[in-house]
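What TrEMBL records for this protein:
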ACT_SITE  Lys13  active site
ACT_SITE  Asp139  active site
BINDING   Pro97, Val98, Ala99, Ala100, Gly101, Leu102, Ala103, Gly104, Gly105, Ser106, Ser107  ATP binding site
DOMAIN    69-147  domain 'GHMP kinase N-terminal'
DOMAIN    201-277  domain 'GHMP kinase C-terminal'
Amino acid sequence: MNVLKIYEKAPAKINLMLDVLHKRNDGFHEVEMIMTMVDLADRLEFSELPRDTIFISSQAGYIPLDEKNLAFQAARLIKERYDVRSGVHIHLDKKIPVAAGLAGGSSDAAATLRGLNRLWRLNIPDQELQELGAELGSDVPFCITGGTALATGRGEKLTPIPNPPQCWVILAKPPINVSTADVYGRFRSDKIVRHPSAAKMEEAIRNQSFAEVCGQMGNVLEDVTLKLYPEVLHLKEAMIKLGADGVLMSGSGPTVFGLVSKESKVARIYNGLRGFCKEVYAVRMLT
Ligand SMILES: C[C@](O)(CO)[C@H](O)COP(=O)(O)OP(=O)(O)OC[C@H]1O[C@@H](n2ccc(N)nc2=O)[C@H](O)[C@@H]1O
Ligand SMILES: Nc1ncnc2c1ncn2[C@@H]1O[C@H](COP(=O)(O)OP(=O)(O)OP(=O)(O)O)[C@@H](O)[C@H]1O
């Protein structure tokens with residue numbers, strides 16, 4: 001019997017700017033972020049199963065393969081909501097570092113919603129997939145369509161904007177685990193001296209000015225994570241010293257990324273970071 005197999009790519013996201021406006025009554029924070037995707041991706045393979053079950057496997061030994069996996073949760077949600085009685089085996093080829101601030105799990109969840117929509121021929125429009133995704137996590141709706149977007153609300157209200165000018169992105173993840181809930185929990189808006197501007201970042205992108213984009217980068221969550229984990233601050237300083245054009249922490253951290261326009265600089269920055277940080281990636285912006 002021929003088993004139907006389909007594939008989806010789940011790219012990592014970076015936050016070019018992230019501002020937190022205030023804490024809401026539901027415990028989430030109202031944010032303004034501009035997010036885009038980079039060419040560092042997990043690959044998901046979906047195969048039909050004869051039994052009505054969800055089975056997750058992965059080459060990575062360090063992620064949960066049960067109902068704690070966001071891909072499992074996405075599959076269960078779409079099955080329940082659309083009353084699907086078929087089973088699926090999802091194989092996750094993990095490339096995105098875990099708990100890194102790069103939305104690895106969220107992108108896997110989004111890829112699962114897209115993949116199962118195709119595998120089971122459900123014809124769910126993207127907007128409905130995004131609404132489903134919002135039930136799984138704040139970054140999931142953006143990961144459904146990707147591209148570049150302004151995200152507001154708790155991150156689920158999306159306005160697409162053009163892609164930033166193409167460049168290299170160097171990502172470095174220190175060997176620490178950062179809890180997103182903990183970082184938001186410790187955030188105090190009255191301590192923030194300079195808020196990054198979504199409007200100015202959007203304008204920089206619309207102007208396709210790489211220098212302006214670098215100038216408008218900012219993430220207020222750095223105020224929490226850099227104090228809690230000085231190694232993230234050191235990584236940022238090292239990347240600036242090595243010559244990256246714009247350097248920022250992604251999401252709640254701990255990954256730090258540097259934007260670099262000249263290819264000739266990439267190897268030097270990469271090798272300089274590899275001297276003291278094991279997880280370093282040099283990739284292109286996904287445009
Ligand atoms: C830091 C970012 O990754 C930036 O893109 C996102 O804002 C967080 O997205 P995420 O990991 O998908 O977050 P979720 O899984 O929805 O939420 C994890 C926890 O982070 C906190 N949280 C998250 C998003 C938000 N706008 N306000 C919050 O306070 C909440 O305590 C929540 O329980
Ligand atoms: N498919 C998955 N891939 C990676 N982690 C997963 C997955 N499913 C569940 N997890 C769990 O989710 C937690 C967060 O992992 P993830 O890589 O999504 O974090 P993140 O990059 O910080 O996300 P975000 O940027 O959205 O906050 C980890 O503790 C991990 O064990």
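Placed from the backbone N, Cα and C atoms, the Cβ positions cover glycine too.
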Compile a sequence-ordered list of residues in the same chain as Ala103 (ATP binding site), six or more apart from it, whose Cβ lies below 8 A from its Cβ; state 'none' when nothing qualifies.
Ala12, Lys13, Ile96, Asp139, Phe142, Cys143, Gly251
Counting only residues 6+ apart in the same chain, whose Cβ is under 8 Å from the Cβ of Ser107 (ATP binding site)?
Ala10, Pro11, Ala12, Lys13, Ala41, Asp42, Ile96, Asp139, Cys143
DSSP-derived structure type at Lys13 (active site), helix or strand or else coil:
strand
Could you tally the C-beta atoms, other than its own, that fall within 10 angstroms of the C-beta of Gly105 (ATP binding site)?
29
Return one of helix, strand or coil for Gly105 (ATP binding site), based on DSSP.
helix
Which recorded positions from the set Lys13, Pro97, Gly105 come near ligand 1, judged by a Cβ under 6 Å from any of its atoms?
none
